[in-house]
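Structure first, commentary second.
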Amino acid sequence: MQSLPSFLQAHNTPSDIAAILNGLMTSCVDISNKLQQGALAGILGCAGEENIQGETQKKLDVISNDIIKDQLASMSMVKGMASEEEDFPVACNENGEYLVLFDPLDGSSNIDVNVTVGTIFSILKTTKDVDASKPEAYLQAGTEQVSAGYVLYGPSTILMLTTGQGVHSFAMDPATGEFLLMRENVQIPAQTQEFAINMSNQRFWLPEMQNYVADLLQGEEGPLGKRYNMRWVAAMVAEVHRILTRGGIFMYPYDNRDPSKPGKLRLMYEGNPMSMLIEQAGGKASTAHAPIMEVTPTDIHQRVSVVMGSIDEVDVALSYHKK
Ligand SMILES: O=P(O)(O)OC[C@H]1O[C@](O)(COP(=O)(O)O)[C@@H](O)[C@@H]1O
Ligand SMILES: [Mg+2]
Ligand SMILES: [Mg+2]
């Protein structure tokens with residue numbers, strides 16, 4: 001089986017991008033091992049701090065963030081990084097030409113209940129003259145990403161990766177820490193009968209989303225004419241992984257719980273990288289009004305509403321927003 005470094009080489013991945021990806025995987029092996037140790041290592045529970053988004057940080061949010069930060073800071077091609085768990089971007093190496101944005105631990109409310117979590121990353125190209133300590137340096141649209149992916153820590157540890165030429169999956173061999181190629185050119189089925197949304201927020205959604213989900217729930221007796229199943233893991237990595245594996249639609253729509261936040265998920269650390277994966281696998285990713293990757297970012301921590309997955313089903317959801 002082909003290892004990640006030899007796959008990247010065989011696919012002529014620019015050496016700097018390959019080095020960043022291999023470096024990120026070194027960090028993810030470390031995070032995977034920490035998660036395996038779990039309670040035995042005394043690393044579950046809260047860190048006693050809040051991140052810039054006002055969310056309580058878990059110890060493992062902080063540990064994972066530090067692992068990735070230390071790794072990237074040592075890499076000459078990394079100009080700077082921005083993390084969901086860091087208030088401000090971190091400038092790294094002056095001569096670097098790449099920026100790395102990441103959600104070190106996605107789905108962190110799952111940690112204490114021993115359920116799937118993940119790491120999400122996005123890589124942008126920059127120039128040597130930018131000031132990577134400034135948020136403005138990172139405000140590129142998702143269409144500019146040169147690579148994106150996630151590592152899922154579940155029953156096995158899996159990498160889903162794109163460098164703009166399809167989506168490929170790798171499984172970590174726990175004995176060696178190597179990521180080995182499992183599937184090339186993953187494709188999402190165009191149609192689905194499975195949706196994922198946090199139904200407890202229903203009363204906060206806009207009427208368009210209320211109407212679409214009401215029709216999903218009517219099944220074969222409703223206008224969509226088919227019976228749907230529902231899943232909610234509470235980790236975007238797991239929801240997107242399910243969609244890349246067997247199709248589906250995942251939504252974290254705008255809601256009016258807090259009018260200052262157009263959705264819960266973060267554009268730069270979650271929305272953009274996951275959209276690149278979904279679109280590279282033949283799916284579609286939208287805010288409900290525009291492609292997520294075409295949103296012009298104004299803040300590194302900004303939120304975005306998300307409707308992504310099987311292309312035909314996403315189009316059905318979007319049709320409710322045009323009515
Ligand atoms: O609390 P909810 O509504 O179930 O939220 C779940 C969503 O929040 C997230 O956990 C947010 O990510 P973080 O854990 O990185 O903050 C997503 O992965 C997931 O889709
Ligand atoms: Mg997250
Ligand atoms: Mg997180």
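Heads up, the Cβ atoms here are built off N, Cα and C, so glycines get one too.
TrEMBL annotations: computationally assigned, not manually curated.
As written in TrEMBL, here are the features:
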- 10-183: domain 'Fructose-1-6-bisphosphatase class I N-terminal' (DOMAIN)
- E84, D103, L105: Mg(2+) 1 binding site (BINDING)
- D103, D106, E270: Mg(2+) 2 binding site (BINDING)
- D106, G107, S108, S109, N198, K264: substrate binding site (BINDING)
- 188-321: domain 'Fructose-1-6-bisphosphatase class 1 C-terminal' (DOMAIN)
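Mapped onto this structure are the features recorded in TrEMBL.
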residue : record                 : Cβ neighbours (10 Å)
E84     : Mg(2+) 1 binding site  : 25
D103    : Mg(2+) 1 binding site  : 29
L105    : Mg(2+) 1 binding site  : 28
D106    : Mg(2+) 2 binding site  : 29
G107    : substrate binding site : 21
S108    : substrate binding site : 24
S109    : substrate binding site : 13
N198    : substrate binding site : 14
K264    : substrate binding site : 21
E270    : Mg(2+) 2 binding site  : 28
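Considering only the binding-site residues S108, S109, E270, the residue whose Cα is spatially closest to the Cα of E84 (Mg(2+) 1 binding site) is E270.
DSSP states for the domain 'Fructose-1-6-bisphosphatase class 1 C-terminal' (188-321), grouped as helix (H, G, I), strand (E, B) and coil, give 60 helix, 23 strand, 51 coil.
Looking only at Cα atoms, L105 (Mg(2+) 1 binding site) sits nearest to E270 among the binding-site residues N198, K264, E270. Under 6 Å, Cβ to nearest atom of ligand 2: this is the test, and of the binding-site residues L105, S108, N198, K264 it is passed by none. Listed binding-site residues: L105, D106, S109, N198, K264. Those with a CB atom under 6 Å from ligand 3: L105, D106. Each residue contributes its Cα atom, and for E270 (Mg(2+) 2 binding site) and D103 (Mg(2+) 1 binding site) these two points are 7 Å apart. On the backbone, the CA of D103 (Mg(2+) 1 binding site) and the CA of K264 (substrate binding site) stand 14 Å apart.
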